[in-house]
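Enquirer: Can you keep this structure in mind? I'll have questions shortly.
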Amino acid sequence: MSERKVLNKYYPPDFDPSKIPKLKLPKDRQYVVRLMAPFNMRCKTCGEYIYKGKKFNARKETVQNEVYLGLPIFRFYIKCTRCLAEITFKTDPENTDYTMEHGATRNFQAEKLLEEEEKRVQKEREDEELNNPMKVLENRTKDSKLEMEVLENLQELKDLNQRQAHVDFEAMLRQHRLSEEERRRQEQEEDEQETAALLEEARKRRLLEDSDSEDEAAPAPLQPALRPNPTAILDEAPKPKRKLEVWEQSVGSLGSRPPLSRLVVVKKAKADLDCSNGQPQAAPAPGAPQSRKEADPAPPTPGASSLSQLGAYLDSDDSNGSN
């Protein structure tokens, strides 16, 4: 029974490896590999940012005629995630980094530039010291001076820390708290004083306004009221109307002035002589009002009845007709 896992293969006695045909592949053959972006970059076509660590299906090839200490240099092709523009970069074994080649720009890296600058300065210094012994002495003097300054600064910092170690921070905080409370109390007192002053000023202003309004609206002195006539209330009070009897409604009352008395006209004398001086009385001027006694007929006697007055009125009419 044969083994399930074949570890050894059978080679026939007449096997000749040189007779196996070899594939002739091009030296610039490209392979598809899965990689991540080695640095931050920005596409030149659309401006899309591609951050470090973004995964791509890239094409890999070996750069011809470029070798560093026998190490081959590889080139990678990727596509922009937005516009599908081709971006290429290659390895840099000298600086253990990658170099942007085409299609994008590498973002600014301050740390990398600083390291490169330090390396450049260090290399220049070494070259100068190699050819100039005096430069070596000057650099040593500068280094020793710089070292002494650093030590002095360090000692000052140590002394400062020791002085601060004995400081009572609780007392400082307590004093600060007390000063804050005192300042708040003073501010509160000032606010209260200012409020009281404003209230006093407003009260004085209100008192002045009230006094001015009282002076303007002072009433005139009251005139002494005239004492009314005690009997005037009797005239003002309505008199009760007496119910007329049946015979009074047809003839009239005896005591009051009859309504037909205004129709009676008293005859006047043609000429009346004055008894005292014997001169005739002057006639009144035209338009002058006559006296009440002459204008009004003679008042009837209180005992006369309305029938007698009617008879007198008829007699006066007969006499006027005869005349």
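Just so it is clear, glycine is given a Cβ too, placed from its N, Cα and C backbone atoms.
TrEMBL entries are annotated by machine, without manual review.
The Zn(2+) binding site feature in TrEMBL is assigned to CYS43, CYS46, CYS80, CYS83. Residues or ranges marked as coiled coil in TrEMBL: 107-205. The compositional bias 'Low complexity' annotation in TrEMBL covers 218-230, 278-290. Per TrEMBL, region 'Disordered' is recorded for 207-241, 274-323.
Help me picture these features in the structure, burial and contacts included.
Expert: For the coiled coil (107-205), the mean pLDDT of the prediction comes to 87.
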Enquirer: Neighbours of the Zn(2+) site CYS43, CYS46, CYS80, CYS83: Cβ within 8 Å of the Cβ centroid, same chain, sequence order.
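Expert: Apart from CYS43, CYS46, CYS80, CYS83, the close residues are LYS44, THR45, GLY47, GLU48, THR81, ARG82, LEU84, ALA85.
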